[in-house]
Amino acid sequence: SLHSTNTLSSSPPSSHNHDGYNEKSVDSTQENYESHNEEDFPQLLNSSPWQSGLLFFPENQEMAYSSHESSRSADVSSLYSFRDSTSAPYASVAPANVHEQLVQRTPVDSVHLLQQNSFKSDSAVHTVSDSMATLSVLGNSSIRASEIKYTETTSKTIAAQKVDYASTGSVVASNKDKNVARKLVARLESAIREKNCTRALKIVREERSKGTFTSRHYNALMDILGKSGRISEAEQLFEEFELAGLRHDVASYSIMISMYGKNGRAQAAELLFRRMRDTDKVKPNAFTYSAMLEAMGRSGQLSRAQQIFQEMVSSEGMKQNVVACNALMKVYVKAGRLNDAFALFEQMKAQDTKADVITYGTLIDACSKAHDVDRAFSVLKVMREAGIKPNRVCYASLIDACGKSRQIERAFEVFELMRRDQVVPDLFTFNTLIDACGRARMVDRAFTVYHQITEYCLKPDRVTFNALITTCARARELTRALEALDEMTRKYKIRPDRHTFNSLIDACGKAERLDCAQEMFEKMKELNVRPCVVTFNALIDACGRSRNPQLAYMFLDAMQVEGVKPDIYTLNTLAAVLCRSGEIDRAISVMNWMKSFGVFADQVTYNTLIDALCRQGQLQTAWFLVGEMKSRGFPATRTTYHALASGCLKNPDAEYVSMTYFGMKRDLGLLDQVAFGALIEAFIESSHYEQAIMLFEEMNQDSTVESWDSLKAKMVSAYCHVERVSEATMLYQRLSRESQF
């Protein structure tokens, strides 16, 4: 049909872009953008419904085989069904008396000519064969300009109406214009399908004044421009509607709002939304609100997203629908509001808003991000009970949830369940499974999954190899990482990107191959792959593992040359490098210097510095940083107090030991085995035996903490020092029995 052969279908999502659930198709008629029917028009979260089926032939370009008026004869109507049939079988019945004053005609022109003239039969009704014979003659022979005659195979002659020459010439010219228009439309459709934005823009602008294209064509081109990152050109085309004699419709605005949202321009989306309603008086539909919700969610404006949702339901009088609910649910997921997402799901059930596969997929993805595997499986169960079949994205999200929780066996169970349900895994699924293996540092298993990809007639992509290399880096297997790189570049001719090099530099650093890390960095620059903050953080970490703080400073300078702004990970990595090298004062200076970049120390920074200071016995400075950390809203953690307790062994000052003990009791409530042991030994080292005995007895009263032989031996000595011989003897005897056992 016309609409199926001349529409632009939406392209499927890439295998590694897990931002949405583009599993359904949407109806392609323009009415769907003007009035949303929830049952007939299911929306896909984070999809572009306007990208599918926008290119029809314009309404003013009637095709020869389009609908005809009822006044036309049934004989002519029978021609339409055979428009694509070959006329060769009827060539033998062509009349012989049509060779005077000839004018060439095409089959389409002939049908137009037939539509303009009512043929009347003297005695017999036309048969299909008769009509096809006529079409054959008109299409492949010649037509007399003044009148049309032909002889039937039954020797009966039918006289045609007289056709005015001027009228016939007008029909010919009109049809030629229509043919040109159709060719232009076909050229534009081809350019858009090929995503050749430059050629498509040239075609549109050359024919702008002729009214060849409709708003559907402009909308499709704007959508492609937006997806290609050519935002300014999409904006310019949006403003050219009026020059082409067109009006913006709801799809035009929805496309632009979605484009702004995906590119982090929430304010521009907001302004256009207001212009749509207040200036152009175009009523938003569910997709417009969905695009607005996504725009607000991407910019972190949760309260504004909730306001838009309520506005849709109340002010616009639109029924709460799955389209908008899915969009708002995704906003909650992005903001880490898992409970709000599930509350919205319960609200949907209460108001009889039927959840779809997108709804359940979003909830499973939310559980994955929260590392809540059990809840993800509960969603899958509810989904199945509702009669909704999970799709590939749902299964991939479940695998991802298992991977993030280090439950690798459950990830493979999901993969097997997927195959039992006859859901064919795609490349994204395999990539997710490889990543799950990487989180568990299971290199061999990751490569096994990689080799399965080709068994499903799939081809690994850059994401596949990046996941493999990252897996090797986590497991500190540099050789396997380089093997994956070799296969990536030599066998599949895939060019490494920034993520590839970052993972390789990380693998080199963890293998303490600083020379290899530098080589990768140089190759990265040679291929014009611009380094990012992650790149430099990996290089600085590699310097720390190789005890080379001077080179770390050189990379810090290189960051500024490249215009890369350091982040908190840069600060923490560099602080760790300097602390490993014993340059604590320099690390504190870096912490203060980073403030000029808007980077302030966090809990990790303080704990790193406190631990380094305690290792050197600088308890006074360490406690000063503890106070500063608390004043900035970061509580002292168990890590903090373990460092302080260990510091007391380096500097056995009873005052600091007591400060550590009471601080830990106040902030954490209980001491653990590490803290008890360090503080007891510190009291003994500082000759505060009574305090050591008191702490040891408190430790023995805690059933969750168990003392060890070396500590008991020291406590025998402590009892002896305070002349508590009976306790010393009992402890010694107990120690002897336990040692013999």
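Just so you know, glycine gets a Cβ as well, placed from its N, Cα and C.
Residues or ranges marked as compositional bias 'Low complexity' in TrEMBL: 1-15.
Taken from TrEMBL, the feature compositional bias 'Basic and acidic residues' covers 16-26.
Annotation comment: TrEMBL describes 176-337 (among others) as domain 'PROP1-like PPR'.
If you look up TrEMBL, you'll see 465-619 (among others) marked as domain 'PROP1-like PPR'.
TrEMBL lists 1-44 with the feature region 'Disordered'.
Residues or ranges marked as repeat 'PPR' by TrEMBL: 214-248 (among others).
As annotated by TrEMBL, repeat 'PPR' applies to 249-283 (among others). Across all of the repeat 'PPR' (249-283), the predicted model scores a mean pLDDT of 93.
Under the heading repeat 'PPR', TrEMBL lists 285-315 (among others).
Summarising the annotation, TrEMBL assigns repeat 'PPR' to 321-355 (among others).
The repeat 'PPR' annotation in TrEMBL covers 356-390 (among others).
Taken from TrEMBL, the feature repeat 'PPR' covers 391-425 (among others). Long-range contacts of the repeat 'PPR' (391-425) within its own chain (CB-CB distance under 8 A, at least 6 residues past either end) are made by residues 18, 21, 23, 357, 360-361, 364-365, 367-369, 371-373, 376-377, 380, 383, 432-433, 435-440, 442, 445, 456.
Residue counts for the repeat 'PPR' (426-460) under DSSP, helix first, then strand, then coil, are 27 helix, 0 strand, 8 coil. Under the heading repeat 'PPR', TrEMBL lists 426-460 (among others).
Among the features that TrEMBL reports, repeat 'PPR' is placed at 461-491 (among others).
Tertiary neighbourhood of the repeat 'PPR' (497-531): same-chain residues 462, 465-466, 469-470, 472-473, 476-478, 481-482, 485, 488, 538-539, 541-543, 545-546, 548, 551, 562, 564, selected by CB-CB distance under 8 Å and a gap of 6+ residues from either end. The repeat 'PPR' feature in TrEMBL is assigned to 497-531 (among others).
When Cβ-Cβ distances below 8 Å are used as the criterion, the repeat 'PPR' (532-566) is approached by residues 498, 501-502, 505-506, 508-510, 512-514, 517-518, 521, 524, 573-574, 576-578, 580-581, 583, 586, 594, 597, 599 of the same chain, each at least six residues removed from its ends. The repeat 'PPR' annotation in TrEMBL covers 532-566 (among others).
Residues or ranges marked as repeat 'PPR' in TrEMBL: 567-601 (among others). For the repeat 'PPR' (567-601), DSSP puts the residue distribution at 27 helix, 0 strand, 8 coil.
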